[in-house]
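Contents: one structure, followed by commentary.
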Amino acid sequence: MDKLIAVLVLITLGSIMVNVGVHYVPVGGAPAAMATATGVGTGTTQLAAGSGLTGLITAAAMSQKPFLVILWNGALGAATMMAITMLVGNFIYVYGVGCPPCSAKVDKDPITGWDQEAYVTPGTEGHGIPTVSFVSGILGGLLGGSGGAMVYYALYKVLGMSAALAGILAMGFFYANAVLASYNIGGTIEGYHDPKFTRLPKAVVCSLVFGIVASVIAYYLSTLM
């Protein structure tokens, strides 16, 4: 029973952290790929899953270390992947397309205080990844990576699953939460300053329910092994 409670807490909390982290990630979808919207030019699930997979790999590399080391390593792996992706994206937007990173959803960047309106191309929602979106993306990577690492720890250390099976299940849980967040966002999001970020409570409830169900399934799956 103690093991079930531990798994329930870790997987549910990890799922919520992943879901919340996805809402911080600046995703612009197809419009961003054409430099007509702020964010990285890909889908929410793809970008979140990419950073999550990186976080799981870095967490698994420290699987014999204490809990906090695994957690922090997963967070750093996902955040580093997000930072590199956004930085390379900005290089392409600035030096390839020739447009400055800016947002049409705020008059001034909440972090730097720089004016945005003068740099937004008419008819677009901004372009590139401005400072506030960049910082938001790193925060999302830290949350998502640590959440994924928490799920991996529950499966590998607490339930005693093999590293391969724990990694596969943790990735599946990550994808499920990324899809839940994607449906909740409904398209593109620039980060924590985006009006869509206020939809977060609904996503947390959905992730809570999913985490409980996933915990029970994972626990009883481990008893069959």
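Going from the start of the chain as shown, residues are counted 1 onward.
Cβ coordinates are placed from backbone N, Cα and C, and glycine is handled just like the others.
In Swiss-Prot this protein carries:
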- 5-25: transmembrane segment (TRANSMEM)
- 40-60: transmembrane segment (TRANSMEM)
- 67-87: transmembrane segment (TRANSMEM)
- 132-152: transmembrane segment (TRANSMEM)
- 161-181: transmembrane segment (TRANSMEM)
- 204-224: transmembrane segment (TRANSMEM)
- Who are the long-range neighbours of the transmembrane segment (67-87) in its own chain, taking Cβ under 8 Å and residues 6 or more past its ends? 21, 25-26, 40, 47, 50-52, 54-59, 61, 129, 133-134, 137-138, 140-146, 148-150, 152-153, 157
- Item | Segment-segment contact (the transmembrane segment (40-60); the transmembrane segment (161-181)) at 3 or more Cβ pairs under 8 Å | yes
